[in-house]
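Asks: Handing you this structure, nothing more for now.
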Amino acid sequence: MGENPAKNHYAQLNQGEENEMEIFGYKTQGCRRALCVAGYILSCGALRLLFYWKPEWDVWINCIRCSLEEADIVLLRTTDDFRTYSRKTVTWISVSAFIKSRSDYPDSEEDSIFSKAIMKPSLLVKTIQVQKIRYVWNDYTKQFQKVGVLEDHYTCSAVHDKFGSGLTCNEQNVRRVICGPNTIDVPVIPIWKLLIKEVLNPFYVFQLFSVCLWFAEDYMEYAIAIIFMSLLSIFLTVYDLRKQSIKLHKLVESHNSIMVTVCRNKEGFQELESHYLVPGDLLILKEGKTLLPCDAILVSGQCTVNESMLTGESIPVTKIHLPQADNLKPWRVYCAEDYRKHVLFCGTEVIQTKADDRGVVKAVVLQTGFNTAKGDLVRSILYPKPMNFKLYRDAMWFLMCLIAFAAIGMIYTVCVFALNGEETGEVVKKALDVITIAVPPALPAALTTGIIYSQQRLKKKGIFCISPQRINVCGQLNLVCFDKTGTLTEDGLDLWGLLPSERNCFQNIHSFPADHGLPWGPVFKALAVCHSLIVWEGKIQGDPLDVKMFEATNWVIDDSSRHRNEDQGSTHNTVVRPGLQATTAPVEGITILHQFPFSSALQRMSVIAQEIGGDTQAFTKGAPETVAMLCRAETVPSNFESKLLLYTAQGFRVIGLACKSLQAGKPPAALTREEVESDLTFLGLLIMENRLKRETKPVLEELSAARIRTVMVTGDNIQTAITVAKNAGMIAPTHRVILVEANEGPGSFSASITWKSLEENKIEDYRGLEDDNQTEPGIRLALGSGQYHFAMSGKSYQTVAHHFRHLLPKLLLNGTVFARMSPSQKSSLVEEFQKLDYFVGMCGDGANDCGALKVAHAGISLSEQEASVASPFTSRTPSIACVPELIREGRAALVTSFCMFKYMALYSIIQYLGVLLLYWQLNSFGNYQFLFQDLAITTVIGVTMSFTRAYPKLVPYRPPSQLISPPLLLSVVLNILFSLSMQIFGFVVVQEQPWYSQTDIHSACLSVNNHERNSSSSLGLHGVRDGAHEQTDNGFKSYENTTVWLLSTINCLIVALVFSKGKPFRQPIYTNYVFILVLIGQLGICLFLMFADIDGLYSKMDLVCTPTTWRISMVGMLAVTLAVSFLVEEAVIENRPLWLLLKKTFQYHSKSHYKRLQHLLEQDPAWPPLNETFFSDSVAVTVEGNMRGHSNPTFDSNEDSL
């Protein structure tokens, strides 16, 4: 039964967000419910268990469809590839206790969710809770809406006007009841709950079914062994889950009971516990360190916060108050990407507050509980995004095939035993037994073991993983995006020089380190004040660029708490003063009155500063191109662009400086950013050296040799980025760099795109530069070669994405440098690469890369902070050497998973074939025979096979990504045929031997004539006890049983050896000493059982004595099987050139979008269109079928790699 969305029955929850869901309304029906309860009783709870696994069936059978407004049960379905269902009960909350009259209604205007959610006249609110978030029914829009957040539609002025004085006590109470407490409550789950949840896993239910069956068949020892193993596995899992639950509880516990001060409308300040906070409350931030219990918008004053919990970067961040802009845009839209500069996030620590002329630092509560930034991180841990990797989907098909095998075996068993007149009970038991043999119960455990070993190996190398399933995905990575600063280059910058500008001309360069200090002047003042540094715990803290710049002045920050200011009264302002080693300055110090912090979107920062007893000035620093645009044209040198190119082309980081005088009278806090950052005077360029890390070049060369694409995604200047890319080896010296520039026309309705060969322009520009000695040698490129790389800025990328959508895949195919990229553009770029079927890794320092780290297949954060929760992988050492290490380990883990799949399937089928052969004679394996194969052989192999480490060299191709691939299927099918042939051969040939007897199991060995012979003359299922000697023949002993069991047991060892892949993705198998010793030990025991002929042992193992010649014949059969199996695996299955030849012969082309697009572009002589300009309204030729249906937004690939 499926869903057919009807009017009012269906809606979308969190539309457009990451956790988007479909919601369906249902109403419980009494008679249906009663029938289901009867079904639970009659099925002994089996029906209830089925509904536990499939909640949608429970809802469809118990309820009838209705509109969401009438629903008392809702069914939720995720919109991802998994389409997972969950069932939620609708609850009602009464607010009648707080609303006695019409005047008590909250927010009398119609734009608040709190007024729209209260049903009149009942004063009830209809709610559901999904993944810790509460949703209320909006009676006006007829849909469920999230509460615990301040609505997005408020403008900047509305936030100030409506919430600037605080909520009334009554408004606060109503909101608290509707939103629930402001807590990130992660209770420690009781052990009994964890136990029940784990035991009800389908895998353990199957185990329980198997154990019951084995007890019924008197397989006591094996059943007890499985119970012991299952209990051990359950207890270990429960222990691990309990430990995680306690750890998470401790992580959030401290944020749930913080004392805060709020401002009540008409009632003044009030102290209360943080769990009483609601969206709209006015929070008062006092001096000193404060841990934030919610997300809040700063509405007055300024704060410095430590956001390491969120970003993984422990650099203090300055927050400024929301401007009182009088426009109609919602505040988030108005502030664009800079809205974070006004938001204080839950879980972060306020380390310094600066009040403005209004006296106190105030913030309006924006989000509470699990809606906050910290709550979102905790929810991502509690409800991780499921992995959509081909391996895991193929695994289900694999199990289905084994179940189909089992079904065939069951039919065969029923036919054989029923025709021989066996009792019905015995026939049913034997038929069900086939399922437990054909479907390996240990498969999930065996696969998990390999990933756990990989995780431990990564941990030893300083790489921590919070999503172990992604280790396998790392084995498929074929493109890695790198941030530049702090990732490819050193985190700290060194000052190289200062190029001052006066009267429209650049002056002589001032080099660092210099014998003489910087002369006093506007440039010196800019270096001294244009930063967001603070003194924290006795040290100057802040952005490394700011620290280096400020240290060059030899001034110091005076961190005394308050400074008198003429305009503002007593406020907390930073004062900088000359240090002991500073050059003489005509001022006592400079006070920084106000800051406009650095913005990634605006690419600049500004401060308003005043010399003590002097004039007020504004200073701006940022990207040189941006700063120059804000300056008066007559102050910018005419050779500005050529000078900038000169230094950026050498890989220097260049910062532009500017200033302007401000008129007295208007308080600094009242000035807008636009007023301050206009009509500036250009001061010069600060040139900083950003050296490559020592390991960058070798790592990128290793990835290039392995045919893994590397891409640079940075916020820095495009010329600097290109030079670093060349120095690092991302762009080879002989390759062309093509600059792609896209610009929007007036009105944003049209746009143009131009392709320029950068090298030609650069060589021309260099000829005209004055400082020829500083230019790097002009590299004469082979422009005729077909190798080229596109470079573009974030602005161009955005324009291409909006106006030239058809060109974006073509540009991404050869795009290597993406500069001046904002955090959201980085995330978008990663997703676009994924749409082309690339498996994308992202490596960054965790600060502005959080979004990209989260959406990539494998996000690797180089932050030392454990709190970089956005990233699945975190490296303890800030070095990109972890990237090839992770890919190596991922490839090894992926190959180990395939080996394990193949081995577990073969082991089950070998045992299954042996049992079905013996069923032909109404025989089977004995208890100890099963026990030996399942425990002594398979379990030990399953544990030790994964010990093989990753191969140290990355080869230029990847392991297969899917189980259903021709080489793997052929390997499994051929080995099944070899096993079947050997077992049938042994089974038939033993019956042809002259010493063979069906009734006398001692006829082969004359030496046993002295022993008492068993009185049993039947080889049926029921043994007959010999009363005289109390020797039991349980009916399993026969020549066929002994032959088939010994052959199948040693065959399990053969396939374990043959399937244990070594090179090129794992180290040779002989390096896995434990596994080799285990195989030798197991083979020794098997050969001992074959040749020992010890009566007591043979009796226990249900074996019979056979002539030595037959035993040698069995060894010969096994040797032939080993040789054939090994030869086929090496010469056919692992023969990469052979499969490539077959692909070529049958003209097989990869289904990956990027491969198909590559093939089409190779045949297009007009691509790339050098020195041409296209316009968005011109006719664009799209690549035939190149983007038809992007099947890979997350973790999918159609590429059949070998």
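Cβ atoms here come from the backbone N, Cα and C positions, even for glycine.
Keep in mind that TrEMBL annotations are predicted by a computer and have not been checked by a curator.
Checked TrEMBL, it gives:
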- 146-219: domain 'Cation-transporting P-type ATPase N-terminal' (DOMAIN)
- 222-241: transmembrane segment (TRANSMEM)
- 395-419: transmembrane segment (TRANSMEM)
- 431-453: transmembrane segment (TRANSMEM)
- 904-922: transmembrane segment (TRANSMEM)
- 928-947: transmembrane segment (TRANSMEM)
- 968-990: transmembrane segment (TRANSMEM)
- 1042-1060: transmembrane segment (TRANSMEM)
- 1072-1092: transmembrane segment (TRANSMEM)
- 1112-1133: transmembrane segment (TRANSMEM)
Asks: Need a quick answer: max count of Cβ pairs under 8 Å to the transmembrane segment (928-947), which of 222-241, 904-922, 968-990, 1042-1060, 1112-1133 is it?
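Replies: The stretch I would name here is 1042-1060.
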Asks: Using DSSP, tally how many residues of the domain 'Cation-transporting P-type ATPase N-terminal' (146-219) sit in helix, strand and coil.
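Replies: Split by secondary structure, the domain 'Cation-transporting P-type ATPase N-terminal' (146-219) comes out as 43 helix, 3 strand, 28 coil.
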Asks: Which sequence-distant residues neighbour the transmembrane segment (1112-1133)? Criterion: at least 6 residues beyond either end, Cβ under 8 Å.
Replies: 967, 970-971, 974-975, 978-979, 982, 985-986, 989, 1043, 1046-1047, 1050-1051, 1054-1055, 1057-1059, 1087, 1090
Asks: Counting only residues 6 or more past its boundaries, what in the same chain has a CB within less than 8 Å of a CB in the transmembrane segment (968-990)?
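Replies: Apart from its flanks, the transmembrane segment (968-990) reaches 898, 902, 905-906, 909-910, 913-914, 917, 960, 996, 1039-1040, 1043-1044, 1047-1048, 1051, 1055, 1058-1059, 1106, 1110, 1113-1114, 1117-1118, 1120-1121, 1124-1125, 1128-1129, 1132-1133.
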Asks: What else in the chain is close to the transmembrane segment (1042-1060), if you only count residues 6 or more beyond its ends and a Cβ gap under 8 Å?
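Replies: Cβ under 8 Å, 6 or more out: 899, 902-903, 906-907, 910-911, 913-914, 917-918, 925, 929, 932-933, 937-938, 941, 945, 948, 971, 975, 979, 982-983, 986-987, 990, 1069, 1072, 1075, 1079, 1082-1083, 1086, 1089-1090, 1103-1104, 1106, 1110, 1114, 1117-1118, 1121-1122, 1125-1126, 1129.
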Asks: Report the mean pLDDT of the predicted model across the domain 'Cation-transporting P-type ATPase N-terminal' (146-219), rounded to a whole number.
Replies: 83
